[in-house]
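Database features (Swiss-Prot):
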- HIS89: active site, charge relay system (ACT_SITE)
- ASP137: active site, charge relay system (ACT_SITE)
- SER242: active site, charge relay system (ACT_SITE)
- CYS74-CYS90: disulfide bond (DISULFID)
- CYS171-CYS248: disulfide bond (DISULFID)
- CYS206-CYS229: disulfide bond (DISULFID)
- CYS238-CYS266: disulfide bond (DISULFID)
- 49-290: domain 'Peptidase S1' (DOMAIN)
- ASN110: N-linked glycosylation site (CARBOHYD)
- ASN162: N-linked glycosylation site (CARBOHYD)
- ASN186: N-linked glycosylation site (CARBOHYD)
- 1-38: signal peptide (SIGNAL)
Amino acid sequence: MAASLSRLSAGLAASRPLGLSRSFLLLVLLLLNSGYKGDSTKPACGQPWWPKNLDLSRHWPWEVSLRVGNEHVCGGALIDLKWVVTAAHCIQGTKEYSVILGTSKLKPPNSTRTLLIPVRDIIMHPKYWGRTFIMGDVALLQLYNPVIISKYVQPICLPEPNYSLKVGTKCWVTGWGQVKQRFSANSTLASELQEAEVFIMDNKKCDQIYRKKSHIPRVVPLVLGDMICATNYREDLCSGDSGGPLACEVEGRWILAGVLSWEKACAKVRNPGVYTRITKYSRWIKKQISNGILSVPCTSAWLLLLFWLLQPQMGP
């Protein structure tokens, strides 16, 4: 690095007699800074490629396995080339996380379609209260490298903040947890990605279900406004899928309605899943993504160039 900086410095010094004023070069640099926004091409979201016979094969290209080492800890959903949404309670301490995309297998074989990308940065929502009383249970993961879009890796759409899903809307929940009908205390995670058809439930009814065995006073709601419930009363997914997507098809596009936040007594079929309602956080998510895009690569070379341009003119 020192050698390259020396060469750059020498090159800059040699270029001074060319007559290019510092003011002009500084203006060019500022224009580049204001105009460059990284890769401006955005992949189409929420439009997965599926075979005609969905009974034989269905894949969810935004599905993410969040990992610590080789261990799957939570699910997540790809929403942009370098951004994943998951539940905030999935993040613990200062562990080094990575994500796997492009596969339905918990332990994928070596394949060109499977992506393993380290997590560069984690942004927790400021209203997250913690694992005891969950609120603001959403986190953003910024990846070190952008994903390579294929039919196996595609982002899901973020819903507009004012969009409201009607009670009874059909959605899908996916993850590597066991389905409730096959749940047991000794269950391990499923080797293949599981899916379950669910329906949006009224928050008040959802709150009543969970309140029956709760000692919390009735004046304190368990299911808050930033949560959304879904179930089909027959089959749902169990623990191991926290942070996983609740995906709903709306006008031909799939949107991320929620990420799995919590549920109680997985073996009891009538207990719905409670998800973080993404519409409540769409603006925050978009703001973080826009703030996270560096307008210019902040390298030593750029800093040295800027420093050189701002130096007082030496000589005649």
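Using the three backbone atoms N, Cα and C, a Cβ is placed for every residue, glycine included.
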Which whole-number value in Å describes the distance between the Cα atoms of SER242 (active site, charge relay system) and CYS206 (disulfide bond)?
-> 18
Tally every other Cβ atom lying within 10 Å of the Cβ atom of ASP137 (active site, charge relay system).
-> 30
Looking only at the domain 'Peptidase S1' (49-290), mean pLDDT returns 85
Long-range Cβ list for CYS206 (disulfide bond), cut-off under 8 Å, min separation 6+ in sequence, same chain only, gives VAL223, CYS229, PRO272, VAL274
Around CYS90 (disulfide bond), how many other CB atoms lie within 10 A of its CB?
-> 22
Could you round the CA separation between HIS89 (active site, charge relay system) and ASN110 (N-linked glycosylation site) to a whole angstrom and send it over?
-> 30
Which of the recorded positions CYS90, ASN162, CYS248 has its Cα nearest to the Cα of ASP137 (active site, charge relay system)?
-> CYS90
Rounded to the nearest Å - Cα separation of CYS74 (disulfide bond) and CYS171 (disulfide bond) = 20
Listed in sequence order, the residues of the same chain lying six or more positions from CYS171 (disulfide bond) whose CB sits under 8 Å from its CB are LEU165, GLU197, VAL198, PHE199, ILE200, ALA230, LEU246, ALA247, CYS248, GLU249, ALA257
Under a three-state DSSP reduction, the secondary structure at CYS74 (disulfide bond) is strand
With the fewest other Cβ atoms within 10 Å, the residue among the disulfide-bonded residues CYS74, CYS229, CYS248 is CYS248
Taking only the CA atoms, the spacing between ASN162 (N-linked glycosylation site) and ASN110 (N-linked glycosylation site), expressed in whole angstrom, is 42
Indicate the candidate from ASN110, SER242 with the smallest number of other Cβ atoms within 10 Å of its Cβ, considering only these recorded positions.
-> ASN110
Could you say which of the recorded positions HIS89, ASN162 has its Cβ with the most other Cβ atoms inside 10 Å?
-> HIS89
Separation of alpha carbons, CYS90 (disulfide bond) and ASN110 (N-linked glycosylation site) (Å) = 26
